[in-house]
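Participant: Just dropping this structure here.
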Amino acid sequence: MPTFYDKTFTSRLLIGTALYPSPAIMQDAIRASGAEIVTVSLRREAAGGKSGDAFWKLIRELNVTVLPNTAGCRSVREAVTTAKLARELFGTSWIKLEVIADNDTLQPDVVGLVEAATILIKDGFEVFPYCTEDLSVATRLVDAGCKVVMPWAAPIGSAKGIINRDALKLLRDRLPDITLVVDAGLGAPSHAAEALELGYDAVLLNTAVAKAADPVAMARAFRLGCDAGRTAYEAGLMDARDFASPSTPVVGTPFWHAVS
């Protein structure tokens, strides 16, 4: 079972709460996904008013753990300030830390990310950093005190799936004691299964479910994909080969097939 800081869960699927056709569909999709952790944006909910209260009521009804994020922040100062506001609003020291460097790719500002993570951890936060698949960046985040690291599969909302499989595998091999979550870029349940097959502890996604023709059915499909991927990893996947290997044994071949 995946462990996030001092809390253990059963689901390996974390899910976002944005972009759904309606609040009711959001609730149904989250239930169908089996997710126990949902991400929420402070910027969305801090807008205040009745809409924010109604959204928070829907989330409470789901009986899930809330992971606030700093989505949209483009500087260390902005991310740190947003994280502190989120702690006050949601009553949790958990924060999904995002510091964005580029508006087109939404690529993380890895230098600012490490700096912000260091500041927040010293202030008592438990940080879930959204980063690239770069090993040196992940290592710096771990050295700063992060016990969870969340590398992307591909740019947010791209639905491309895992672009750099070798780099993600290297992260898993080099950080065996860190909870690793593939975050962003997953577009199909098979992408989630692939991440879990690599030994990742969980995946986080939003758009692939929220923008599906049937978000509830897609959420269920991702749940099954995660289950399949983790089961395959635990069962032990065979190594890929460059050449064919017969699956039918030669022993017991009928005599008329024997070569003279």
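Note: Cβ is positioned from N, Cα and C throughout, glycine not excepted.
Annotations per Swiss-Prot:
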type     : residues                     : note
ACT_SITE : K96                          : active site, schiff-base intermediate with DXP
BINDING  : G157, A184, G185, N206, T207 : 1-deoxy-D-xylulose 5-phosphate binding site
Participant: Counting only residues 6+ away in sequence within the same chain, which have a CB under 8 Å from the CB of G185 (1-deoxy-D-xylulose 5-phosphate binding site)?
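Facilitator: Spatial neighbours, sequence-distant, of G185 (1-deoxy-D-xylulose 5-phosphate binding site): W152, A153, A154, P155, I156, G157, S158, A159, K160, G161, I162, I163, H191.
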Participant: Using the CB centroid of G157, A184, G185, N206, T207 as the 1-deoxy-D-xylulose 5-phosphate site centre, which other residues of the same chain sit with their CB within 8 A?
Facilitator: P155, I156, S158, A159, L186, G187, L205, A208
Participant: Taking the Cβ of each of the binding-site residues and counting other Cβ atoms inside 10 Å, which one has the highest number: N206, T207?
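Facilitator: It comes out as N206.
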Participant: As a test of the contact definition, list every same-chain residue at least 6 positions from K96 (active site, schiff-base intermediate with DXP) whose Cβ is closer than 8 Å to its Cβ.
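Facilitator: Counting only residues 6 or more apart in sequence, the Cβ neighbours of K96 (active site, schiff-base intermediate with DXP) under 8 Å are T39, L67, P68, N69, T70, F128, P129, Y130, M150.
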Participant: If one looks at the chain holding A184 (1-deoxy-D-xylulose 5-phosphate binding site), which residues at least 6 apart in sequence have a CB under 8 angstroms from its CB?
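Facilitator: Listed in sequence order: L106, Y130, W152, A153, A154, P155, I156, G157, L204, L205.
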Participant: Taking DSSP three-state, what's N206 (1-deoxy-D-xylulose 5-phosphate binding site) in: helix, strand or coil?
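Facilitator: Where N206 (1-deoxy-D-xylulose 5-phosphate binding site) sits, the three-state DSSP reduction gives coil.
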